[in-house]
Amino acid sequence: MKKIRDERLILQNFKNIRTTLLIENSAILLILFWQGWQKNNLQKAFTYDNPLYIVLMIAVFTMIILSVNVSTPIEDKPKRSWRYLGLWALIELIGFTALFYFLIAINQPFISLIAGIALTAVTSGIMLYSNHLRDRD
């Protein structure tokens, strides 16, 4: 396979890959909605028991991480301090836990805390990775 050297062709290739992933993820979402409509229960279609849902989540999380890898160095923002990142993680933990507690698991504070910790770990991990890619000023 020949290596692409023209910058315009490289950019067009990336646009083609992005369009392909958009179409693929849209098709997966349509199939999931179709499964939910056939069973008259969307919640059963959007569970981790459904392999299509797992594929969609893997694709979405991969796309998020890879987009952070490209967009962060372009932003030209200074690195954030560890104190700022820790405070932001604490605010996220309190917010996510409260959100889960009041909206989903009102009688189960431990499950709300576990869900809040999981979401905080994911978002804080992305912020730490993004902060790692920034230049020092």
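Backbone N, Cα and C define each Cβ position, glycine as well.
Annotations in TrEMBL come from automatic prediction, not curation.
Features of the protein shown, as given by TrEMBL:
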TRANSMEM  21-37  transmembrane segment
TRANSMEM  52-72  transmembrane segment
TRANSMEM  84-104  transmembrane segment
TRANSMEM  110-129  transmembrane segment
Ranked first among 21-37, 84-104, 110-129 for CB pairs under 8 angstroms with the transmembrane segment (52-72): 21-37
For the transmembrane segment (84-104), sequence-distant contacts whose Cβ falls under 8 Å of one of its Cβ atoms, 6 or more beyond its ends: 111-113, 115-117, 119-120, 123-124, 127-128, 131
Tertiary contacts of the transmembrane segment (21-37) (same chain, 6+ residues out, Cβ under 8 Å): 43-46, 50, 52-53, 55-56, 59-60, 63
